[in-house]
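Colleague: Mind having a look at this structure? Questions to follow.
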């Protein structure tokens, strides 16, 4: 997902109609809202030089049309009253873009019996009413799959359900009443599968306020692995609306086909199981102990080591050697996947992340303002189109950039490339063959990753001391 948790939606005044051709200018509140909405839910990449061109082909027009198509609006490409009205409605914050009805990689529970725990309660409803709403929301999915659910009262469940306000420890703070209602994570270990409700909402079991049963059933669909649907009748349609009470509620055929593509039909279900061949091919979730596993890039981050692969990364720390597995978008929603290179710049407490001719700076879970920037701002010649690997040597305060069979050295103190570079990799790192996938500097050694192998290089002896599997860092 692509986050896979909900991102905040800012609420701004509605205006009747704001076509892009002349009526909306940069800084107009409706344009600001539209830009924020498209960035969060439609993967819109801000480009100051292009956003406000008054042409039908401008990126913002195309993204507005994409949003209008997905949400079932007339594709005007303009911020008309219907579009603005929908942007202001409460909704789920999982992005709407995506090629499939399930999350990328099709994460799902690898078992049929799933536990859940209600960690705390909203003051808006009696505890037994909350218990009943959650139970009925799970029953919706249980009726059409082989899945069963049971509640536990202590310890860690597969799905941890809680109510919170504002900052609540997962990088996605809630935004107050009437906007983002809740968020959920796809199946997996740790916080994956969990559901968080914004307790600033007025939770009810009625058409007024925000109906807990309907929101819970939607979010639990995410917890089971479903993405958003563009069908308005679907429970997984992203915009909130009250439809009916639990007693009269039935999943749409779109919801049934989506969940059964992951788990199959339940023994008593009359619904049609989606044939495997009808589902578009999906990228595989990488297995950390696959003997052929390679990494896109590797970096340290505040005492941890991050291993990036496709849209995922493993996170290993000295105090917790068991690697954690995450989606890149769960921590940095605006970063691309399939990264080229990454390294930690200790002097700025940031990690620089490279893809193609651009790079981003992240500090903690925040992408820094003013990025992405072009790699040529670092001093590379125009002939360099991308970086293969990068690593920071803390003792010398130098960063090494590897491109093809050459490498550059960057002075992090003076912020310039050192003179005399590029140099041949094999001249200064004997035994290291180009092209390098990733480099890590730990324990006084350089670790060069190439395919499924890594080469431990001693810079003092100028020799390769060990050849290991790339995933040996992941306890494989």
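One-based numbering along the chain as shown.
In case you wondered, yes, glycine gets a Cβ from its N, Cα and C as well.
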Colleague: Pick from 196, 218: which one does Swiss-Prot list with 168, 170, 183 for the same Zn(2+) 1 site?
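Modeller: Swiss-Prot lists 168, 170, 183 binding Zn(2+) 1, and from 196, 218 it also lists 196.
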Colleague: For which of the residue intervals 82-89, 90-97, 98-105, 106-113 does Swiss-Prot record motif 'Cysteine switch'?
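Modeller: That would be 90-97, per the motif 'Cysteine switch' entry in Swiss-Prot.
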Colleague: Go through 92, 289, 476, our recorded positions, and report the one whose Cβ sees the most other Cβ atoms within 10 Å.
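Modeller: Of 92, 289, 476, the one with the most crowded Cβ is 92.
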Colleague: Cα of residue 476 (disulfide bond) to Cα of residue 92 (Zn(2+) binding site): how many Å, rounded?
Modeller: 38
Colleague: Check the repeat 'Hemopexin 4' (433-476) for me and report the mean pLDDT.
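Modeller: Mean per-residue confidence for the repeat 'Hemopexin 4' (433-476): 92 out of 100.
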Colleague: Between the Cα atoms of residue 219 (active site) and residue 289 (disulfide bond), find the distance and write it as a whole number of Å.
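Modeller: Given the Cα positions, residue 219 (active site) is 31 Å from residue 289 (disulfide bond).
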Colleague: Is it possible to get the count of other C-beta atoms within 10 angstroms of the C-beta of residue 219 (active site)?
Modeller: 25
Colleague: Mind tallying the repeat 'Hemopexin 4' (433-476) by DSSP state, helix then strand then coil?
Modeller: 5 helix, 24 strand, 15 coil
